[in-house]
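Got a structure here, written out as structure tokens. Questions coming.
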Amino acid sequence: MGQINRKFSEKQFLLFVVNYIAGFGFIATAISLFRLGPFSWLIFLLVSLVSLIVTLSFARLSSIDSQNYGGPYLWAKKAVDKEKIAGRMFSFFTGWNNFIIGPLSAATAPLFILNSFSGIDGIRGNLVNTWILIAIGFSFYVLLAFISTKGTSLNKKLIALFASVKWIVILSALIVAIYVIARDGNGYSQNNNLESGFFGRREISFAQIATVFITFFYSYAGVEDISVMTPDVKTNNFRKILIVSFIAVFLFYFIGIIILNGLQNIAQRGGEANSIGNVADIFKKAAGLGTLIFYGVGALFNNVSTRLSTIIANSRKILPLAYDNYLPSFFYKQNKKGEFQNAIWFTFGTTLIAMTLLVFIPLVASNFDFDNATEYAASVGSAATLLQYIFVFFIIFKFIYKKEPLYQKKWVKTTEELLFCLGTIVIVLMLLVYLFPVIDGFSKWETKHTLTIVLYGVLSLIGLVLFLLQEYKHKNKQNANKQTTQTTV
């Protein structure tokens, strides 16, 4: 192997990680917390705790192989027995699930932007104008996805520019929220009182808690992508970077939640003048159309930068699977320009199908409730991400069982083992109730629950079929070689 070109210093990568994780995921899902009233703090702290546990697991596993790309898929290959089909299948699905997180998260960005503009007078409540907005927004994102298949890249100055716009908009949202609180009075008492106000009359089910947990977890997602970049960092302590970045993100979110919790009528849907169902409503409430457009354009401007590279980046996740013969070699064939065009078009196709279903079906089923549809889209991608974390917990338990030298101090090992067990239990419980909400005995089965299971099931089935076809080809090749050897002898 040639010498690795490490692109980031420790400080640069720390800033990169914080910028990568913290952002529009937070403002897209933060309002969902307050649908639980005073329990919003409990869920915020629980999500943060599980995110910390996940960060600790990735930080621990990052020492397994800091010289090669791959992240969870690379760790899975080292943890299981490749000679057994169960081991190969686990390795494959660890990599495949990491790939399908992309398509399952594809609808969040367009719905988030559509939601930002849906509050403009003349759109909300007008079916024709609503469909025009949806058509324009959806077509725009399809175009961005198509452009990204051409290998469009952004230089460091443009990335810094887009990041600056993102933080200007996010910090503006918090500043505007403080202004609205100062002008209209704070809602801390209203939002945190179990016996009075909006929440005193609400019945909160376990399914609602699980849905909010998974939706808000979207704001912490990203460590699974960061973990594959260990060879790019000039550091001997990748673990410290991940933990410090988590602390920075947590503190920012904590301050943001404190501010948003002071808004009156937060997490109230319906489009009334005094209701706040999303962050765009805060801007609209502050100064009307002008600030709303500022927010929408700023959010769109930042979003374009990420979408221009999303197809290319996600297509890279299936290349190791193809190189290891878990997927057809068709995927890693390059064109004359050196691009993996087949993998890119496959990623584009799966992304387009998932995005179409996750945009239109939730909107129509909810009677064009953009807040609900956006939070649902975020929860679908987040659920797939949480499943990936279960795979990672299994991998680290496997390494511990094999007595790999992951720990130097026994008390650290014992503490982290207990935390990993806790994280696994919480995630499994939340996923079960989210996917099958009727478990709690109060919630009803809805169209979106069927869509979640069917879409994830179909994408997983596609992977399983491709995997089994490769297994069949490999077995036939082995038998043919065996027969040739016997004939020669």
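Even glycines carry a Cβ here, placed using N, Cα and C.
Found this in Swiss-Prot, in case it helps:
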type     : residues : note
TRANSMEM : 14-34    : transmembrane segment
TRANSMEM : 36-56    : transmembrane segment
TRANSMEM : 100-120  : transmembrane segment
TRANSMEM : 127-147  : transmembrane segment
TRANSMEM : 158-178  : transmembrane segment
TRANSMEM : 203-223  : transmembrane segment
TRANSMEM : 241-261  : transmembrane segment
TRANSMEM : 286-306  : transmembrane segment
TRANSMEM : 344-364  : transmembrane segment
TRANSMEM : 380-400  : transmembrane segment
TRANSMEM : 419-439  : transmembrane segment
TRANSMEM : 449-469  : transmembrane segment
In the same chain, which residue numbers or ranges, 6 or more beyond the ends of the transmembrane segment (449-469), come under 8 angstroms Cβ to Cβ?
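Answer is 89, 92-93, 96-97, 99-100, 103-104, 326-328, 350, 354, 357-358, 361-362, 380, 383-384, 435-437.
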Against the transmembrane segment (100-120), which of these stretches has the most C-beta pairs under 8 Å: 14-34, 158-178, 241-261, 380-400?
380-400
Return the stretch with the most CB pairs under 8 A relative to the transmembrane segment (419-439), choosing among 36-56, 127-147, 203-223, 241-261.
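By Cβ pairs under 8 Å, 203-223 leads among 36-56, 127-147, 203-223, 241-261.
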If you count every Cβ pair below 8 Å, which range out of 127-147, 203-223, 344-364 shares the most with the transmembrane segment (14-34)?
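By the under-8 Å Cβ criterion, the transmembrane segment (14-34) pairs most with 203-223.
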Same-chain Cβ contacts of the transmembrane segment (380-400) under 8 Å, 6 or more residues past its ends?
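Those are 54, 57-58, 60-61, 64, 72, 75-76, 78-80, 90, 93-94, 97-98, 100-101, 104-108, 214-215, 217-218, 221, 224, 358, 406, 413, 417, 420, 423-424, 427-428, 430-431, 434-435, 452, 455-456, in sequence order.
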Is it the case that the transmembrane segment (241-261) and the transmembrane segment (158-178) touch, counting contact as three or more CB pairs under 8 Å in which the residues of each pair are 6 or more positions apart?
yes
Cβ pairs under 8 Å with the transmembrane segment (36-56): which stretch of 127-147, 158-178, 203-223 has the most?
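Between the stretches 127-147, 158-178, 203-223, 203-223 has the largest tally.
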